[in-house]
Amino acid sequence: MSINLKSLIPVLNAEWTGSDTDIFVDHISIDSRSLQNGPQTLFIALSGANNDAHLYIAELIEKGVQNFAVQYIPENVKGKANFFVVKNTLKALQELAAYYRDLFDFPIIGLTGSNGKTIVKEWLNFLLSPDYNIIRSPKSYNSQVGVPLSVIAINEKHNLGIFEAGISTVNEMVNLEKIIKPNIGVLTNIGSAHDEGFENLTQKINEKLLLFKKSAVIIYQKNELVDKCLLDFSAQYPLENRALFSWSFADASADVFILKKETKNDSTTIKYQYKDEIFNLEIPFSDSASIENAISCLLVLLHFEYDFTIIQNRMEMLYPVEMRLEVKNGIHNCSLIDDSYSSDFQSLKIALDFLESQKKNASKAVILSDIFQSGFSNEELYSKVAQLISDNKINRVIGIGTTISSFQDKFPNSTMFQNTAAFIAEIENLNFNNETILIKGARSFQFEEIVSLLEEKTHETVLEINLDAINHNLNYFKSKLADDVKIMVMVKAFGYGNGGLEIAKLLEHNKVNYLGVAFADEGISLKNGGIKLPIMVLNPESTSFPSIIQYKLEPEIYSIKGLNAFLKIAREKNLKDFPIHIKVDTGMHRLGFEDNTIDELIATLKGNSTVRVQSILSHLATSDDPKHFDFVEKQISLFERLSSKLISELNINPIRHILNTSGISNFPDAQYNMVRLGIGLYGVSNDPAEQKYLENVGTLKSIISQVRTIPAGDSVGYGRRFMADKETKIATIPIGYADGISRLWGNQIGFVTIKNQKAYIVGSVCMDMLMVDVSHIDCKEGDSVIIFGESPTVIEMAEALKTIPYEIMTSISQRVKRVFFR
Ligand SMILES: *Cc1c(COP(=O)(O)O)cnc(C)c1O
């Protein structure tokens, strides 16, 4: 794309300040951290409750960005760049995209629905790609921000678009419709997702249909409610010759009537009737969601008038869609970003941004296959890819495929292979070592083989950490903070069991202000991992003071004795203004200066230039318990008095902070200058009413090692604590109390989830294994098992085990591999 900025002034209804020559941009960015920002970028400074991109404009100008859309021009950058000043930058992004969309008039498929959008989109892309140059939303970019960014990636060579639109409440679809303006509308499954945003199902359907105002055909699963909504919709938004194209399992009046579906092993034969003829179609899936998604694709192909044999041949090859970018531990201390199923240009940009945010090693490598359907000529495409690689400061490139190999001269420091097998034959000689490696290739290159060779092997139990959920939860709590209130995130105990360094990286990327750890060595490993954020150490032992100083960690000081010990070492090292944090005890009675030691503290600190009081803090004992809220109020007022005294007598201006997660929710007036977020970030609230706003972060998964059926009267496990009263099917799962699963969870108290069904633990939990009753579940060896996550939740487990979620989360042993994804 290339847009003349001058032409946008009327489109965005903007005021323009800056040089008045014509300027062209070819990249729209909203992410200040992306290494892809440059002179040809128009940076749109979005400003939300959580983050104001206007704050990063000065930094961006230094990096060479010259053109901005802003809501105001910050003082420090006036006159230093070109600015569109608009009322609302999100609106401006959307209006720009809508304008840009109108420059093209090839067919566009618009997908909406509660489930299945992304899969149907990916499958349609696969099914139609032999015949079209397709532009589609990358990953699941379907939001108010994701949709405009997807559409702006259209170029002149594309001749078919597939975009998905996701909404969570009313009045959102109008914006997305203007941007996508699909000629072909597909309504995928209408489930119950996001119901909280709507009064009822009718309202939800009506809102979704708004995507199809200009659609000449609407594809959907026939049912009474949707039919009724469509009738109202057509009356309200009439369009000449609009066709409704429906399918159904039950209603023979649908255009495509599914007569029968027969599932065998992992495939399904679908018998359908279309225009009075009967056809059979086989797809390599057996679950009902995949069958519905495949039928939606079938209708699109029928609408495009594909021949029935082509439909059959292509649909046979449908594949599971991997929607996430996963971070995995690699061999020789590498980390891997696994994006081994797609290779379009647009998703390469996203993956490179993700690589930058997640890199654990200074050195970055990319393993990349030939790229298909870019819409560019090969020459142009690989020049663009080479530019991206260089903008992103990638240290080495490994290209696999005949096309990318032929452009090797564009890639400095690259190694090229004709195919995946040739690469695998050489893998030992490539010395992968302390690198963060992005592995990105088209399906046909089977890069999953590369991932499995480069991945560190551990046993099958993993704790999957959803980084997007962490982001979501962070934003939720940020939105509760008054302007200018800083945020410290507690990453002690290995990020509450979820992974220390990875989460710290994410938080640094998201510009939190501080990290908090319990002990110095936790802080040291974060600093060694490259974390630059300031880190407060809650419980520094005096033996660790020298390393605290060496690693520029910031100690919490909670006693005169500790203060003197720290001062002694600090003076020996001739330190000046070393930041320390003063903890006062306001009622928790764990650590901290008590009321009667404050005078001595003041006397010791007065006139002292060795250390500087960076912050004053205290900790609440009962911020989660309404019964004791009056106690919290007492703690807060004592904190106010003690901290004010320190401030006035020492004439200092420190950060003050007292709130933990529950405090943020329950005591908004005590935010002072900073809060300390802990458990909430990891998706757990102590308040059931608040829980629904948080997203689950950790899912502990394992697999079935063995399945057996035992007769009535037999027992299971040590001590014969389970006796079968009837024939019972038992599955063994390789996770036990040594992994952190309490023995109290055994003996039919606790359960796991297999194929969306509960399976209760029978007998006692062993050290490395447990057994569950799967009599009612159709399952086999190797099937996936959820130990906790969406169900059971750690909250449910904690209740049954008479403890708190904190203990469950932090008990998961380090031998359980953590896998991060978004
Ligand atoms: C752990 C901790 C927090 C965070 O508490 P949550 O309840 O997890 O939010 C805050 N402050 C201190 C001093 C802590 O030790």
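Every residue, even glycine, has its Cβ placed from backbone N, Cα and C.
Annotated features in TrEMBL:
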- Lys492: N6-(pyridoxal phosphate)lysine (MOD_RES)
- Lys492: active site, proton acceptor (ACT_SITE)
- Arg590, Met767: substrate binding site (BINDING)
- 697-821: domain 'Alanine racemase C-terminal' (DOMAIN)
- Tyr718: active site, proton acceptor (ACT_SITE)
(request) Please state whether DSSP places Met767 (substrate binding site) in a helix, a strand or coil. (result) coil
(request) Among all chains shown, work out which of the recorded positions Lys492, Arg590 has the most CB atoms within 10 A of its CB. (result) Lys492
(message) Measuring Cα to Cα, how far is Lys492 (N6-(pyridoxal phosphate)lysine) from Arg590 (substrate binding site) in Å?
(response) 17
(message) Quick check on the domain 'Alanine racemase C-terminal' (697-821): DSSP residue counts for helix, strand, coil, in that order please.
(response) 23 helix, 45 strand, 57 coil
(message) With Cβ-Cβ distance below 8 Å and at least 6 positions apart along the chain, what are the contacts of Met767 (substrate binding site)? List them in sequence order.
(response) Gly736, Tyr737, Ala738
(message) Taking only same-chain residues 6+ apart in sequence, whose CB is under 8 Å from that of Tyr718 (active site, proton acceptor), what do you get?
(response) Gly763, Ser764, Cys766
